[in-house]
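Novice: If you look up Swiss-Prot, you'll see His437, Pro438, Phe439, Thr440, Phe441, Thr442 marked as FAD binding site. The compositional bias 'Low complexity' annotation in Swiss-Prot covers 28-86. According to Swiss-Prot, the domain 'Ferric oxidoreductase' annotation covers 239-373. Sequence annotations record features per position, and here Swiss-Prot assigns domain 'FAD-binding FR-type' to 374-492 based on sequence analysis. The N-linked glycosylation site feature in Swiss-Prot is assigned to Asn20, Asn52, Asn64, Asn116, Asn152, Asn524, Asn653; the stated evidence is sequence analysis. Here Swiss-Prot flags 17-86 as region 'Disordered'. Residues annotated as transmembrane segment in Swiss-Prot, with sequence analysis given as evidence: 122-142, 198-218, 234-254, 281-301, 313-333, 340-360, 499-519.
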Amino acid sequence: MTESKFHAKYDKIQAEFKTNGTEYAKMTTKSSSGSKTSTSASKSSKSTGSSNASKSSTNAHGSNSSTSSTSSSSSKSGKGNSGTSTTETITTPLLIDYKKFTPYKDAYQMSNNNFNLSINYGSGLLGYWAGILAIAIFANMIKKMFPSLTNNLSGSISNLFRKHLFLPATFRKKKAQEFSIGVYGFFDGLIPTRLETIIVVIFVVLTGLFSALHIHHVKDNPQYATKNAELGHLIADRTGILGTFLIPLLILFGGRNNFLQWLTGWDFATFIMYHRWISRVDVLLIIVHAITFSVSDKATGKYKNRMKRDFMIWGTVSTICGGFILFQAMLFFRRKCYEVFFLIHIVLVVFFVVGGYYHLESQGYGDFMWAAIAVWAFDRVVRLGRIFFFGARKATVSIKGDDTLKIEVPKPKYWKSVAGGHAFIHFLKPTLFLQSHPFTFTTTESNDKIVLYAKIKNGITSNIAKYLSPLPGNTATIRVLVEGPYGEPSSAGRNCKNVVFVAGGNGIPGIYSECVDLAKKSKNQSIKLIWIIRHWKSLSWFTEELEYLKKTNVQSTIYVTQPQDCSGLECFEHDVSFEKKSDEKDSVESSQYSLISNIKQGLSHVEFIEGRPDISTQVEQEVKQADGAIGFVTCGHPAMVDELRFAVTQNLNVSKHRVEYHEQLQTWA
């Protein structure tokens, strides 16, 4: 009989004999021959009347002797049957010491209930995320199937929720920008949107509650010598099971080929943000699990022997790796050298998962790790498949405008660039082939190649730039592997009659490709492109794309925030001709201004404005002028992106039409 059935039967018998003023229980004993002798409280006590019960209750010794004699008879019967197992039901109730029995009953109930509740609460955490995903999937389907319905959500109530819940940063403006806590940026971090923060906070609170609910000390618990040993064991079981439930989920959210991206409409950056928070909570649960189990085992004297067992050694390996992941994944390290972080991260995750499997398999929870491994393996197989079918191609890689890499890769006929999308590039160089970097596509007139751009920063882009710098034209042919395409255009083009694309610096390629793609498909929409750059030289690496805008109905404006800085304009000289005047006192300065003038003439379809734009005023004007729903799509410097988000939230009620905001900035590092 299982413990749960035992307790259920016990409670039933107790209820039957409450009227007699005594407390009985069903007990199982073994005869000397090894056969089971079952004794039970007789239901016939009700028919025999209260006199029998009162005799039993008033003479405890009599009850015991009666039981003893019956047991002896049963034992003899067993011998008489040549050792065959016989069972005899004793109808005389047994009087037990209920005060001594209660701690055993309560202790085993607490232990069993803790396991059951841990599984229920772990399922509850998964159910919470399933609910969030279900809502996101439903909302995404409605947007795609009924775009006009979305446009009708522009009333005061809808705008109230969007202004204070759905669109804004958690604290005033900063979302793409990191929050600096000082100490040389070591504790800097990113805080998501207000809605995302609420989702994360609820998850953290639920996890904290589920880790402690229905755990309490059982007085005189016979299982543990001390209260610390008892509570430590209960908390360790609870947090360990909760942490195990979350592992497949955090692996799923961290994959590039997460099918949920297409169902929910969330971008990779959103899933990565949730991946990080679930991982942080999960590792903290595992650390609490390890600490509380150690406290319990030391209190009971089992620590040294238990730590010699294989499953505990592997559990220790997994916990240590989880702790290093938690520390090493801080924004400070990701920003300093993302490629190094990523390689170390993968190695630590492998040991975390393998160690977790060998720790959990003997405890009956190994299937959770198999689920995590299956999710991870699926992502890797798809990624390798994308790379294999694209093939190793010779790419032309060059430095443009001193701070930008341009990569041109011949592509297979089946491969189509996604407007606003990106691909991961593996450079087949001895020190670089294990690393990959996301590059954003841009639209070109040629259909036989992919053109991608990336700002030169630390890590792989810096290494490529150093390799190209001494070469003629800062250009070389490098064999590459391409993994992609990833991403998709925003829904602004589907939902809005007016679309304003705002790019800052190197955020232009994806914004440009989405803008041009929309212009090719639409004839009745108002499409504007605003590009904010610091220097004139930034135009040099994007001249061809800007010239192509002549063929579209896109209204283009370029802001040059530091127009007085004319350095680096020599890169234009092979494209734009001008006549030098040797009789001028300052021929260099004259040449620069002449060149700028010629650039403007060559791009006469583009409006050039010198100075920094007032984004708030710009947004207000665009919203007031819109004759229908208007959407702002942006990518660029985090400060600019945050400023635009804030301006949109402040102007939702300026027009009777719907105002949307779409952020294409992918913050992975």
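Along the chain as shown, residues are numbered 1 onward.
Glycine residues also receive a Cβ, built from the backbone N, Cα and C atoms like all the rest.
As the structure is a computational prediction, the values presented were derived from the model and not from experiment.
Describe each of these features in terms of where it is and what it packs against.
Specialist: According to its DSSP assignment, Thr440 (FAD binding site) is in a strand.
The domain 'Ferric oxidoreductase' (239-373): residue composition by secondary structure is 114 helix, 0 strand, 21 coil, according to DSSP.
When other Cβ atoms within 10 Å of the Cβ of Asn116 (N-linked glycosylation site) are tallied across all protein chains shown, the result is 11. Secondary structure from DSSP puts Asn116 (N-linked glycosylation site) in a helix.
Cβ environment of Asn152 (N-linked glycosylation site): Arg658 lie under 8 Å away, each six or more residues apart in the same chain. The DSSP secondary structure for Asn152 (N-linked glycosylation site) is coil.
The Cβ of Asn524 (N-linked glycosylation site) has 7 other Cβ atoms within 10 Å, all protein chains considered.
Around Asn653 (N-linked glycosylation site), the same-chain residues six or more apart in sequence whose CB sits under 8 Å from its CB are Ser156, Asn159, Lys163, listed in sequence order.
Below 8 angstroms of C-beta separation, residues 110-111, 114-115, 117-119, 121-123, 125-126, 129, 207, 210-212, 215, 260, 271-272, 274-275, 278-279, 281-282, 285-286, 288-290, 292-293, 296, 353, 356, 360, 365, 368-369, 371-372, 375-376 of the same chain, each at least six residues beyond the ends of the transmembrane segment (234-254), sit close to that stretch.
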Novice: Roughly how many Å separate the Cα of Asn116 (N-linked glycosylation site) from that of Pro438 (FAD binding site), to the nearest whole number?
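Specialist: Roughly 45 Å, rounded to the nearest whole number.
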Novice: Between Pro438 (FAD binding site) and Asn524 (N-linked glycosylation site), how far is it from one CA atom to the other, in Å?
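Specialist: Cα to Cα, Pro438 (FAD binding site) and Asn524 (N-linked glycosylation site) are separated by 34 Å.
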Novice: Using a Cβ-Cβ cut-off of under 8 Å, list the residues of the same chain that are 6+ residues beyond the ends of the transmembrane segment (281-301) and lie near it.
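Specialist: Long-range Cβ neighbours of the transmembrane segment (281-301): 203-204, 207, 211, 224-226, 228-233, 235-236, 239-240, 242-243, 246-247, 250, 315-316, 318-319, 322-323, 325-326.
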Novice: Which residue counts does DSSP give the domain 'FAD-binding FR-type' (374-492) for helix, strand and coil?
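Specialist: Its residues divide into 30 helix, 46 strand, 43 coil.
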Novice: About how far apart, in whole Å, are the alpha carbons (Cα) of Phe439 (FAD binding site) and Asn524 (N-linked glycosylation site)?
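Specialist: Cα-Cα distance, Phe439 (FAD binding site) to Asn524 (N-linked glycosylation site): 31 Å.
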Novice: Same-chain Cβ contacts of the transmembrane segment (313-333) under 8 Å, 6 or more residues past its ends?
Specialist: 178, 185-190, 276, 279-280, 282-284, 286-287, 289-290, 307, 341, 344-345, 348-349, 351-359, 669
Novice: Restricting attention to the domain 'Ferric oxidoreductase' (239-373), give the mean pLDDT.
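Specialist: PLDDT averaged over the stretch: 94.
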